[in-house]
Every structure is written in structure tokens, then in C-alpha cells.
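Here's the structure we're looking at; comments come further down.
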């Protein structure tokens with residue numbers, strides 16, 4: 001029996017669909033990264049050495065290996081997409097689930113519970129001329145990247161980083177200061193050592209305490225016993241500040257003006273898997289505004305049409321771009337990327353050397 005025209009057309013469409021599906025599957029397969037178990041195992045062993053990991057629990061190494069494989073899959077899938085502005089990689093957190101990462105290194109939502117003195121010092125005004133790029137590292141105002149360890153003390157590292165910066169700008173001396181003094185001694189209504197805190201309260205403590213010790217005199221140990229070392233705390237304070245102020249909130253232009261003058265403490269949402277495994281480039285991934293991590297902005301710039309903030313983190317050198325992240329700047333949201341413009345603040349200190357002030361005319 002001869003096939004009807006309709007049957008011929010239907011058969012042709014079915015064959016065409018199969019061919020198209022096979023073609024699309026072939027393309028997808030070509031972009032996938034296939035890794036065998038031996039290769040992944042070797043990568044895992046190398047990662048363990050590089051990150052000085054040693055698991056004691058029975059079966060813990062294998063359990064972590066499974067998590068490592070899941071994170072490696074995420075890394076391969078992310079980096080295989082063309083035109084990404086940033087790359088992810090096997091950071092120091094590659095053996096943690098995202099839930100574990102958030103529980104250990106991030107804390108409850110950070111909220112501005114203590115406002116500073118109202119000021120328009122860095123309020124952006126029409127006509128202000130700001131540098132296209134600023135990097136306080138190049139100006140010698142940023143201490144090398146530190147590591148908060150398994151302690152939720154990001155607030156202390158953020159505040160101390162801003163104080164180290166303004167102290168260098170006003171005195172010419174770059175001194176590494178003590179986060180541990182804040183963790184041990186700044187205990188009050190909000191700040192709670194390894195259980196989180198707010199940068200403005202840290203600035204307040206430094207003021208009332210008459211200054212803050214050096215990291216050498218009061219070294220960091222990532223422990224939270226709630227005991228202030230009175231002997232160390234009573235030493236001569238090395239660095240003081242005059243006060244602290246908030247950058248006008250929800251305004252990236254004002255934040256840019258502030259960062260053009262000094263490093264600034266900010267809070268961001270850092271809970272995504274992409275942030276956990278961030279390696280390099282301009283971070284443009286999805287993130288919200290549930291602020292859970294304190295960092296310090298040490299500059300800004302642009303590359304390939306993408307504006308970014310330069311952020312010094314406190315997760316050591318085996319995360320990000322040697323401890324730094326470039327976070328997308330000038331987005332169509334008043335809160336800024338990951339909420340960066342929601343809670344910025346900075347310490348104040350007099351005697352700005354005119355030769356060092358980048359914007360003496362503003």
C-alpha cells in the first residue's frame with residue numbers, strides 16, 4: 001500500500017527531529033568536561049596537600065571527596081559557559097557543601113543597628129570629579145591578606161582593615177593591627193567574637209578603648225573564649241582613631257567618593273556557591289542583599305567594559321584572586337551588587353597629608 005502524503009510528511013518530520021536532537025546532544029557533549037575517577041582523585045590529593053587538609057574522622061576523607069567532586073562539577077560547568085566575566089575554582093572551601101560553608105564562615109544577617117554621626121563628607125554631588133580607578137594597595141595603605149579561620153570574625157577584619165588604611169594615609173605608617181583584641185574585648189550588645197558583629201561597634205570600641213594594639217602584640221588565634229587579655233589590652237595603644245562615619249547608604253557614587261579617599265568597611269551577601277568558589281575576574285553572578293559578611297573595599301576600576309570594586313577578604317590566599325575579589329560596580333540597583341552600598345562606614349582620623357590626599361580639592 002502506498003504511503004499517503006500525510007504519512008510521508010510525518011515520517012520526514014520525525015526523522016528531522018531525531019537528527020536535530022542528535023545534533024544538539026552532540027554539541028552539548030562536546031562542551032562537557034569528562035573526568036574519570038583517577039583524574040579527580042589525583043586532583044583531590046593535590047588539593048589536600050595545597051590546603052594542608054588532614055581528616056581524622058573515620059570515613060571523613062571519602063565523604064569530603066564526594067563533596068569535592070560535586071564542587072568540581074560546578075566549577076567545570078560554570079567555566080565552560082562562554083563569555084563569563086569571572087571564573088570559579090577549587091578554593092580552600094572545595095570540600096564543603098554550601099550549607100557547611102555558610103554555617104562556618106557567614107553569620108546571621110548583618111544590620112545597621114548603630115548609626116554614626118550624620119555627615120555629608122563623602123556625599124556625591126553633581127560636579128564632583130573622581131579618579132577613574134583607585135587601588136590603595138598600590139599606595140601602601142593595605143596590609144597583606146589575613147585569614148579569619150573557622151571563626152565568624154569577619155566584622156573585626158573589616159573594621160581593622162579600614163583602620164589600618166586610614167592610619168597609613170594620615171601617618172605614613174602601615175601597621176598590622178589586632179583583630180583578636182576586638183574578638184576578645186569588644187563584647188557587648190551586638191559584637192560577639194566568633195559569632196559575628198558589626199563594624200561600627202568595633203570602631204566605637206577602638207575609640208573608647210583609647211586605640212588598638214598591633215597584631216604582633218595581640219596576635220590572632222581564631223578562638224573565642226570571651227576572655228579579654230587584660231595585660232595586652234592595657235599596653236600602650238599603638239593606633240587611635242578620632243571617630244567613624246557612615247557613607248550615605250544605597251548610593252554607589254557616594255561609596256566611590258569615599259573609597260577614593262580611604263579604604264571603607266562594607267557588608268555584603270557572600271552565601272552563593274559561586275562566591276564560595278570564586279577564583280578571578282569580575283563577580284557578576286546572582287546574589288541578594290541579606291548581608292552576612294564584612295569585608296573592606298580598597299579600590300575600584302574597570303576592565304573590558306565591566307566596572308568593579310576591589311575587595312580584600314579575610315579568607316586567606318587560597319580563596320579568590322590571592323584573597324581578593326572584584327565585585328561588579330554600577331549596577332541598576334541602589335543597594336549595589338550583593339548589597340555593598342547598604343551599610344558602608346569608615347573610621348576618621350585627622351592630619352591628612354595634602355601630598356597623599358587623592359582628592360584634596362573635593
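Quick reminder: no glycine exception, Cβ is built from N, Cα and C everywhere.
Features as listed in Swiss-Prot:
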ACT_SITE  154  active site
ACT_SITE  293  active site
ACT_SITE  313  active site
DISULFID  151-194  disulfide bond
DISULFID  185-228  disulfide bond
DISULFID  287-338  disulfide bond
CARBOHYD  36  N-linked glycosylation site
CARBOHYD  234  N-linked glycosylation site
SIGNAL    1-28  signal peptide
Packing count at residue 151 (disulfide bond) (other Cβ atoms within 10 Å of its Cβ): 23
Residue 293 (active site), number of other Cβ atoms within 10 Å: 26
Cα proximity to residue 313 (active site), best match among recorded positions 36, 151, 154, 194, 338: 154
Candidates 36, 154, 228, 293 (recorded positions) - the one closest to residue 194 (disulfide bond) by CA: 154
Recorded positions listed as 154, 185, 194, 228, 287, least Cβ neighbours within 10 Å: 228
Neighbouring C-beta atoms (10 Å sphere around the C-beta of residue 36 (N-linked glycosylation site)): 7
Rounded inter-Cα distance in Å - residue 338 (disulfide bond), residue 151 (disulfide bond): 22
